[in-house]
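Asks: For reference, TrEMBL lists these features for the protein:
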DOMAIN    1-61  domain 'SH3'
REGION    66-102  region 'Disordered'
COMPBIAS  66-75  compositional bias 'Polar residues'
COMPBIAS  83-95  compositional bias 'Polar residues'
REGION    139-164  region 'Disordered'
DOMAIN    218-328  domain 'PX'
Amino acid sequence: MALKARALYNFQSENKEEISIQENEELVIFSENSLDGWLQGQNSRGETGLFPASYVEILRSRSGSNYTDYSSSPAGSPGHESSFYSPNPGISYQGSFEDDDDDDWDDWDDACTVVEEPRSAPGTNGHPSPSLQYPAAYGHHQHAGYRPKPALERQDSMSSSKRGSVVGRNLNRFSCFVRSGVEAFILGDVPLMSKIAEVYSIEMGSKGPQWRANPHPFICSVEDPTKQTKFKGIKSYISYKLTPSNINSPVYRRYKHFDWLYNRLLHKFTVISVPHLPEKQATGRFEEDFIEKRKRRLILWMDHMTSHPVLSQYEGFQHFLCCRDEKQWKLGKRRAEKDEMVGASFLLTIQIPTEHQDLQDVEDRVDAFKAFSKKMDDSVLQLTNVASELVRKHVGGFRKEFQKLGNAFQAISHSFHMDPPYSSDALNNAISHTGKTYETVGEMFAEQPKNDLFLMLDTLSLYQGLLSNFPDIIHLQKGAFAKVKESQRMSDEGRMDQEEADGIRKRCRVVGFALQAEMNHFHERRVADFKRMMQSYLKQQIVFYQRVSQQLEKTLRMYDNL
């Protein structure tokens with residue numbers, strides 16, 4: 001619940017996750033639980049971000065004292081349990097179970113559907129992180145109302161006597177670089193496994209690093225959405241028939257199962273752009289149009305999953321597609337949820353080429369892709385808006401206009417019948433038929449989006465999701481580069497062994513190669529998908545206008561023998 005607060009001191013932000021606050025400024029705090037001494041909230045200028053907990057006091061209307069002292073309650077202590085904050089409050093992230101279309105797992109269920117995380121401080125990956133330095137308790141000799149300003153010491157600027165030879169950790173423990181565990185991986189804090197069963201290789205291709213292709217490629221159809229019931233008809237749901245080409249044996253899955261798989265994918269594959277599932281809907285889940293739309297988008301989602309060299313080989317995905325036995329399903333589900341090679345540990349499974357890559361060249365290439373993806377995201381949104389508006393016009397405006405035109409022709413025909421001696425039945429019938437033809441054309445316009453614009457919007461929706469993943473993935477690489485530069489600087493100053501700096505650079509290369517491989521795969525799929533989308537749209541447009549032309553030509557011939 002949002003709380004009102006007042007700033008005790010001035011604070012100047014130093015990165016995009018933080019916001020500046022002024023003394024006596026009124027603030028809104030999204031939760032009074034602090035993490036490593038930081039709160040998330042909004043200042044009077046509408047800016048949202050982080051600021052030190054010890055720099056503010058919470059205003060409580062029903063308490064004798066309106067001051068909450070964070071300096072005496074370190075993060076994680078009882079009563080101030082640490083919790084994650086979303087960088088965008090109010091956004092419901094896709095894949096959560098809160099608004100799902102079902103509250104159970106049919107017959108294939110067990111008590112836990114999501115693996116429990118280690119109970120360490122969020123964002124620290126089990127490693128203690130330095131906290132802000134807080135002032136001592138206020139002495140009685142201080143005058144009333146006096147508050148000494150807390151000493152704010154940023155972790156990345158700590159002196160070498162405090163840090164030793166360790167590269168500073170990011171102060172912002174909310175950033176995806178920290179929460180994903182990539183920071184811990186870069187700094188060598190992710191323990192090596194004695195045996196790694198899965199390996200994903202990157203090789204050099206004609207356009208740079210690329211994922212090694214799946215040695216056993218396959219596709220999977222999504223068909224026959226069917227309404228099912230259970231509990232004697234009390235509960236209803238839609239099941240989809242999935243048929244992988246490599247086994248050619250169908251399985252039946254509900255959206256709940258897709259959602260479970262999607263959460264596993266997000267949890268495991270840190271540096272991969274996992275395609276978003278079709279959106280959820282609270283009402284109208286059994287309406288024909290919604291079911292058809294979800295099926296179309298699940299087909300595109302499945303196509304991207306099976307075409308990805310890494311995602312398609314994931315054991316959890318194979319289990320999702322192939323398992324038909326109830327007992328085996330539960331065992332495989334638990335195995336996927338207990339998978340240790342997730343997040344930062346997934347990076348241990350990646351084998352990279354031995355070819356040297358200059359980190360500056362890699363950074364330049366990533367910057368170019370960042371600019372490209374931003375521009376593409378804007379253009380995809382623009383085309384989505386235009387296409388959506390065109391659908392609205394097809395269904396509403398165009399149909400109504402052609403109906404008006406048809407009715408007007410019909411009125412002319414009826415008026416010609418008013419004076420029989422001069423009436424020409426052939427002409428009247430031809431004009432009346434013309435009116436009916438334009439009414440038919442109006443109905444054709446209303447139905448046409450199902451043949452062309454819907455597929456375009458489905459593809460654009462998929463790419464909006466894919467593009468929305470890249471800022472966070474690029475942020476991981478940027479964070480890794482920053483650690484490399486910092487470690488090299490410390491090595492040059494004699495505060496770190498060169499061997500340790502080389503280890504950080506080596507692990508950064510893993511993140512860099514993975515991002516480049518993902519960029520290459522994205523471009524490869526983009527070319528294929530947009531070629532198919534544009535070809536399909538133009539072909540359907542040609543067929544549509546040919547049908548309209550045939551209707552008009554047939555009507556025109558009625559006037560030839562008058």
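The backbone N, Cα and C atoms fix where each Cβ goes, and this holds for glycine too.
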Asks: Using DSSP, tally how many residues of the domain 'SH3' (1-61) sit in helix, strand and coil.
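Replies: When I sort the residues of the domain 'SH3' (1-61) into the three classes, I find 3 helix, 26 strand, 32 coil.
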Asks: Any idea what the model's mean pLDDT is for the domain 'SH3' (1-61)?
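Replies: Here the predicted model's pLDDT, averaged over the domain 'SH3' (1-61), is 84.
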Asks: Based on DSSP, tally up the residues of the domain 'PX' (218-328) by helix, strand and coil.
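Replies: With helix first, then strand, then coil, the domain 'PX' (218-328) has 48 helix, 25 strand, 38 coil.
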